[in-house]
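A.B. asks: Just dropping this structure here.
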Amino acid sequence: MKHIVSIDQCSAEDILRILDRAELFEKNPNRHLLEGKVVATLFFEPSTRTRLSFETAVNRLGGRIIGFSDASTSSSTKGESLKDTISMVGNYADLIIMRHYLEGAARYASEVSRVPVVNAGDGANQHPSQTLLDLYSIRKTQGTLYDRTIAMVGDLKYGRTIHSLIEGMSHFRPRFIFVAPEELSLPEEYKQFCREHDLPYTETKHFDEEVINNCDILYMTRVQRERFTDLEEYERVKDVYVLTNAMLSDSRPNLRVLHPLPRVGEIAYDVDDNPKAYFIRQALNGLYTRQSIICEVLGIDVAN
């Protein structure tokens with residue numbers, strides 16, 4: 001694959017190949033496979049984990065980084081079009097990693113770029129590198145990607161990690177439990193996707209032990225203030241679901257709690273020391289997965 005802009009472009013074989021390669025990087029992340037390569041990280045929207053893990057991935061692979069983490073320092077503030085920005089950066093870099101606030105921006109960038117483009121998140125649309133690290137974390141903790149029940153909790157309307165994970169898991173016979181208030185319920189297009197792909201799901205507004213005790217993966221999300229135009233609506237729903245340690249007491253032994261981070265208050269700090277809390281390790285898995293993604297789009301072979 002020259003570009004990775006959406007998880008739906010990845011077949012099951014593509015996903016498993018990327019995850020298998022990530023395992024090699026977990027065993028040895030310091031492989032100088034990008035010697036002489038320049039990678040541009042263009043972050044038009046704030047990021048901590050995604051940007052730092054991509055930049056760490058490049059550094060550990062021996063490449064060099066150019067770009068920006070604040071769009072106000074770029075020529076976009078002068079009115080430069082995305083097309084011109086991508087075309088210009090493509091003159092200097094071998095790979096572009098981009099986060100943008102507009103849905104579809106990454107796909108457009110891939111259409112006008114002469115070098116590979118990796119989508120690091122575009123609006124409320126897609127976040128394929130997060131999905132791949134989520135899949136890596138699920139396989140690592142469950143021993144398989146197949147036949148898992150995944151409860152997705154919180155902001156299912158704007159949560160691009162949710163949307164991407166539904167599509168990414170569709171190859172592996174999942175069952176879903178969607179937990180959200182009406183204002184943040186899963187968009188109809190993703191419910192239709194589940195129906196078209198014979199993916200069983202249930203919906204509920206209630207986050208309780210009945211949900212927690214019947215899933216293998218509990219995928220928590222924050223309510224994203226930056227997606228709201230009505231702050232009163234945000235205040236009304238931001239704390240509607242909070243996971244506490246006591247709520248995990250009767251959960252399945254194999255249950256793991258995932259979260260794309262940052263958390264705001266939806267996971268209490270008393271959960272952190274529970275062995276079922278996996279979200280910090282999940283973030284570390286992003287390093288290995290993103291090293292694998294970089295090698296995928298650049299066509300770099302990785303030896304055992």
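Positions of Cβ are set from backbone N, Cα and C atoms, glycine also.
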A.B. asks: Quick one: which of Arg99, Arg107, Arg281 does Swiss-Prot put in the carbamoyl phosphate site with Arg49, Thr50, His127, Gln130, Leu261, Pro262?
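C.D. replies: As annotated by Swiss-Prot, Arg49, Thr50, His127, Gln130, Leu261, Pro262 share the carbamoyl phosphate site with Arg99, chosen from Arg99, Arg107, Arg281.
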A.B. asks: Please report the number of other Cβ atoms within 10 Å of the Cβ of Gln130 (carbamoyl phosphate binding site).
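C.D. replies: A count of 28.
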A.B. asks: Far apart in sequence but close in space: which same-chain residues, 6 or more away, have a Cβ under 8 Å from Arg49 (carbamoyl phosphate binding site)?
C.D. replies: Leu261, Pro262, Ala283, Gly286
A.B. asks: Take the mean position of the Cβ atoms of Arg49, Thr50, Arg99, His127, Gln130, Leu261, Pro262, the recorded carbamoyl phosphate site. Which other residues of that chain put their Cβ within 8 Å of it?
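C.D. replies: Result: Ser47, Thr48, Ala120, Gly121, Thr161, Pro260, Gly286.
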A.B. asks: Radius 10 Å, atoms counted are CB only; among the binding-site residues His127, Arg160, Arg222, which position scores highest?
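C.D. replies: Of the binding-site residues His127, Arg160, Arg222, the highest Cβ count within 10 Å belongs to His127.
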A.B. asks: Between Arg160 (L-aspartate binding site) and Gln130 (carbamoyl phosphate binding site), find the distance joining the two CA atoms and give it rounded to the nearest Å.
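C.D. replies: Arg160 (L-aspartate binding site) and Gln130 (carbamoyl phosphate binding site) have their Cα atoms 9 Å apart.
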A.B. asks: To the nearest whole angstrom, state the Cα distance for the pair His127 (carbamoyl phosphate binding site) and Arg222 (L-aspartate binding site).
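C.D. replies: Roughly 15 Å, rounded to the nearest whole number.
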A.B. asks: Far apart in sequence but close in space: which same-chain residues, 6 or more away, have a Cβ under 8 Å from Arg99 (carbamoyl phosphate binding site)?
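C.D. replies: Once residues fewer than 6 apart are set aside, Arg99 (carbamoyl phosphate binding site) is near Leu42, Phe43, Phe44, Glu45, Ser47, Thr50, Arg51, Asn119, Ala120, Gly121, Asp122.
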